[in-house]
């Protein structure tokens, strides 16, 4: 049997990086794929531009931070808008990012600086750039503020520190998203014994149990009460149910020598006093 003539072999050494195949350089097919080089040079250029832009952005917001700190140092909080104070706080919480957009987004979402600090954790985390750690730190600031205000009425005659009572209650309750019923228990000198939340309900109602309130007052040897609850709607005007509930508590407490000094309703931008409205 005649042997087939040997075909000339192509040098396909591993160093070439290619293998012969159908439609390749070796059978005269389209050569564009072979001569197309990886676009490494343009990519390198793009990366260099991006890095430069990032450095410029970093220099800009670091300079902005310095300027904002200087304004605060020289002029105090009056020199800054709400979003700028929040931005200044976020510098510490988010050290390597431009925090102005986050601060503005928080104010846009919740309306005021106080509302930002009073917002629930899950809602804070819905804002882009605010993770759990940042949200917790914002709530920590709110807690510190409330403790500071509460210290202004501790061990003092509450009726003689009325503006401090209102400031504390507003900080603690104005931005709650559900109704909350709080009681300040006072001794016979009207000094604060205890500050307790007795109930928390829905957006427009919270259950109140007059007998439980009186029982707790007796346990604490309290002889006077200040009732406080919030209206998440923002309007502190007393409802008919608020008036009737207050009367029931007064009627339950009075035979046991416990006085209800006032019932305060806290709204977002103000408060209503039953005593001031001559409802008690």
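Any Cβ shown, glycine's included, is placed from N, Cα and C.
Residues or ranges marked as region 'Disordered' in Swiss-Prot: 1-22.
Annotation comment: Swiss-Prot describes 158-280 as domain 'MPN'.
According to Swiss-Prot, the motif 'JAMM motif' annotation covers 229-242, on the basis of sequence analysis. For the motif 'JAMM motif' (229-242), the model's pLDDT averages out at 92.
The Zn(2+) binding site annotation in Swiss-Prot covers 229, 231, 242. In three-state terms derived from DSSP, residue 231 (Zn(2+) binding site) belongs to neither a helical nor a strand segment and is classed as coil. Listed in sequence order, 179, 204, 237, 265, 266, 267 are the same-chain residues at least 6 apart in sequence whose CB falls under 8 Å from the CB of residue 231 (Zn(2+) binding site).
The Cβ of residue 242 (Zn(2+) binding site) lies under 8 Å from the Cβ of 229, 263, 265, each on the same chain and at least six residues away in sequence.
Surrounding the centroid of the Cβ atoms of 229, 231, 242, where the record places Zn(2+), the chain contributes additional residues within 8 Å, namely 179, 230, 236, 238, 239, 265, 266.
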